[in-house]
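Asks: Here's the feature list from TrEMBL:
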- 1-17: signal peptide (SIGNAL)
- Gly275, Lys276, Gly277, Gly278, Val279, Gly280, Lys281, Ser282: ATP binding site (BINDING)
- Cys467, Cys470: [4Fe-4S] cluster binding site (BINDING)
Amino acid sequence: MHIPLLLLPVLGALTQASPIISRASSWPNAPFTTSGRDIKNSLNETVTYAGVNWPGAADTMIPEGLQYQSVSTIMTKIKDLGMNVIRLTYAIEMIDDIYENADTSLKTAFIQALGETNGTKVLNQVLISNPSFTENTTRLEVFDAIAAEAYTQQIYVHLDNHVSKGIWCCGHDDGNAWFGDTYFNVTSWKRGLAFMASHASSWPAFTSISLRNELRTTTNGTGDNWVSWYENMIPAADGIYAATTGQQNPVTEVRNPFSSMSLTNVNEIILVLSGKGGVGKSSVTTQLALTLSLRGHSVGILDIDLTGPSMPRFLGIESSKVRQAPGGWLPVPVHESQDATSSTAEGNKPIGPLHCMSLGFLLGNRNDAVVWRGPKKTAMVRQFLSDVHWGKLDYLLIDTPPGTSDEHISLVETLLKTAAPGQVSGAVVVTTPQAISVSDVRKEINFCKKTGINILGVVENMAGFVCPNCAECTNVFSKGGGEVMAKDFSVPFLGSVPIDPAFIALIEEGKRPVYPEGTVVAGQEMPEQAKEPEDNAGTLVEKYQSCSLFTIFDGIVGQLISNTQP
């Protein structure tokens, strides 16, 4: 089990004495922060690490290669290769030695690790190549010299705790594999991280630090799981933050995702399900969210359709990026709230805020294919439930992929284990009228019954087609299949929704819906506009009020609210 290292950039307000703060306007333009996948310097420029590994965690616990060339020569060659960062590795044992006695000299370190003959030979070679060193120069002073030369040549220093016991890495049986392994004393590890972070804060080129590299399965496989990873990593990050800032790490305010969720302030969670793809489930989710918002509710949409994340496009926010907060993501705003004085809703009713989180925001290219196996999907769903900070919400709508896949199982298992009683209101099931769709949705209802998810109702989508020219509504796919199925399962039928080209134009092109004279949808005549609007200014929620489907969904939402009330 190989776990990727956790990169912890040196963040925030360091102590006033720190050169990292005092040199904010010069190289390396620290402190660095993260924005999504990017590293940003103090000028908000993206920093790209192109680096080499400089091992200093083996038996001698001294950065290697110094018997052959000087620190300056090695750094120059790194620079000539086009690299701009060194990953400088160290062992926790080096810090343990400092606490137990004192910083170990080069002479002692080489002889202890290599023996009298070989150790003395290598020591002499190091001193010849590096005249500024003596046999009494300590390990930590060698690290200081490397960091100083890195600053001279404008090469970033990324500190990397590679192992606990100084040894050539790595193996499953070397005692360094996982927290609590033979040499992996967790208390010493946390102390060592804080010590090195504090010490390195005086290095001008020091920009980031990793908590541990090469975590892996032990030979007996004991304790190597994500829970123990999280429970150890957070206190370690706290120690580094406190050592460099003198303040409490904001990440400690984030709840443990393995014991609870970041959904504490969400009142109602509603799943939107379908047994079959192509029934317009995301369209239904979008309109439920817009209608709830127009009723003044604060709403969030969580898109867990990982292989086909379409919510960003439905909401017109494809180009938006997720912002990072301490410990998690901030969802992307679709629109903010409007009070009665500034509201553009009919009757000047307040409009609630709407936010969305989707894997689509995290892809480098919107056309990238997501080819993931089950375990990765499961982990992503759990992360979405734990690491997205919604704040206070009246309703969270979870848009799911079709069928009953890994995403559904992971979602339901996590919600049932961790959600507060009554927080998961239930599921809205979407179908089209024809028999083939209804038969698949029957399986979805059975899935809900087996997993204990309450069914709030069935929406029959695409139940007719509203002609944009003659205003006639034609039942292309017949009508009534969803209602019959709802009766068969004794679940509420929420309503039938026709296909409205004006809604499609609103989503695809941002056009405000306009209808010809005599258009009647769901028994209601749509108001005729004398001419098409000169522009399509306004938010999606503002323009949606002119859509024929808004009236239908207002009725559906009214039933939903009634069904979710105790």
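Every residue gets a Cβ built from N, Cα and C, even glycine.
A TrEMBL annotation is a machine prediction, not a hand-curated record.
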Asks: Within 10 Å of each Cβ, count the other Cβ atoms, then let me know which of the binding-site residues Lys276, Lys281 comes out lowest.
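Replies: Result for the binding-site residues Lys276, Lys281: minimum number of other Cβ atoms within 10 Å at Lys276.
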Asks: Return only the integer: C-alpha distance in Å from Gly275 (ATP binding site) to Cys467 ([4Fe-4S] cluster binding site).
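Replies: For Gly275 (ATP binding site) versus Cys467 ([4Fe-4S] cluster binding site), the Cα atoms are 28 Å apart.
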Asks: Measure the Cβ-based neighbour count of Gly280 (ATP binding site), defined as the other Cβ atoms within 10 Å of its Cβ.
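Replies: So the number of other Cβ atoms within 10 Å of Gly280 (ATP binding site) is 18.
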Asks: For the binding-site residues listed here (Gly275, Gly277, Gly278), tell me which residue's CB has the most neighbouring CB atoms inside 10 Å.
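Replies: Sorting the candidates by Cβ neighbours within 10 Å, the top entry is Gly275.
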Asks: Setting Gly275, Lys276, Gly277, Gly278, Val279, Gly280, Lys281, Ser282 aside, what same-chain residues sit with their Cβ within 8 Å of the center of the Cβ atoms that define the ATP site, listed in sequence order?
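Replies: The surrounding set, listed in chain order, is Ser274, Pro402, Val430, Thr432, Ser437, Asn461.
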Asks: Just the number: how many Å between the Cα atoms of Ser282 (ATP binding site) and Cys467 ([4Fe-4S] cluster binding site)?
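Replies: That comes out at 22 Å between the alpha carbons.
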Asks: Calculate the distance in Å between the alpha carbons (Cα) of Gly277 (ATP binding site) and Cys467 ([4Fe-4S] cluster binding site), and round it to a whole number.
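Replies: Cα to Cα, Gly277 (ATP binding site) and Cys467 ([4Fe-4S] cluster binding site) are separated by 24 Å.
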Asks: Using DSSP with the three-state reduction, classify Ser282 (ATP binding site) as helix, strand or coil.
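Replies: DSSP assigns Ser282 (ATP binding site) to helix.
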